[in-house]
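Participant: I'd like to ask some things about the structure below.
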Amino acid sequence: MAAKIILVTGGARSGKSFFAEEYAKKIGEKIAYIATAQIYDEEMKLRVEVHKNRRPLNWQTYESPFHAEVSVQNASEAHDVILFDCVTLYLSNLLLSSDTRLNSAEKYNDIAKEFEKILETAKKNNTDIILVTNEVGMGIVPENALAREYRDFAGKINQLIAARADEVYWVISGIAVDIKKLAAEQGENNG
């Protein structure tokens with residue numbers, strides 16, 4: 001069976017990571033966890049600890065704030081499912097480290113290529129990949145240019161992944177809805 005790309009999206013503290021972890025357990029036995037967070041303060045350290053403590057001990061963790069395609073390649077060699085948590089943190093890492101001489105379109109193209117490599121690597125190695133992301137575009141318009149650029153990039157990257165994904169779940173208040181399936185059933189799937 002061909003590898004699947006599964007996108008799990010939702011707001012902050014919506015239950016998306018928990019849903020993705022449970023889903024990974026259902027579809028695979030050998031699970032790799034790609035963590036993209038960088039720990040800068042105590043609050044973030046606590047958040048990471050909560051996630052670590054919730055995961056089974058037999059899951060292998062790859063710390064990948066950058067060059068995640070290498071971790072996806074390595075994880076694909078020994079695992080049947082990769083849980084990538086999360087897209088928007090990885091995007092933030094890439095955006096904040098991008099060449100400041102590039103214009104917005106050039107930065108986006110470089111970042112989009114990174115995500116394409118991640119998806120292609122998982123598919124090529126026949127490994128299911130579950131990507132967790134934040135839905136950041138439903139709030140107020142950010143007040144500064146960098147925050148607006150981040151929000152815009154997150155929306156576009158989420159669309160890029162959703163278009164390639166076999167399944168897309170939106171988690172709201174701990175309840176997951178398969179929105180790609182719903183869209184297909186209603187004939188409204190543009191992806």
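Including glycine, each Cβ sits where the backbone N, Cα and C put it.
A quick note: this is a predicted structure, and the numbers were derived from the prediction, not measured.
I grabbed these lines from TrEMBL:
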type     : residues                          : note
ACT_SITE : His51                             : active site, GMP-histidine intermediate
BINDING  : 10-17, 35-37, 52-55, Glu63, Asp85 : GTP binding site
Participant: Identify which of the binding-site residues Thr36, Asn53 has its Cβ surrounded by the largest number of other Cβ atoms within 10 Å, counting every protein chain shown.
Facilitator: Thr36
Participant: Among Arg13, Lys16, His51, the recorded positions in question, whose Cβ has the most other Cβ atoms within 10 Å in this structure?
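Facilitator: Of the recorded positions Arg13, Lys16, His51, the highest Cβ count within 10 Å belongs to Lys16.
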Participant: Between Arg13 (GTP binding site) and His51 (active site, GMP-histidine intermediate), how far is it from one CA atom to the other, in Å?
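Facilitator: Each residue's Cα considered, Arg13 (GTP binding site) and His51 (active site, GMP-histidine intermediate) end up 12 Å apart.
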Participant: Tell me which residues of the chain lie with their Cβ under 8 angstroms from that of Gly10 (GTP binding site), as long as they are six or more apart in sequence?
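Facilitator: Once residues fewer than 6 apart are set aside, Gly10 (GTP binding site) is near Lys16, Asn134, Glu135, Trp170, Val171, Ile172.
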Participant: Measure from the Cβ of Glu63 (GTP binding site) and count the other Cβ atoms within 10 Å, all protein chains considered.
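Facilitator: So the Cβ neighbour count for Glu63 (GTP binding site) comes to 13.
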Participant: So, three-state DSSP: helix, strand or coil for Lys16 (GTP binding site)?
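Facilitator: Helix, per DSSP.
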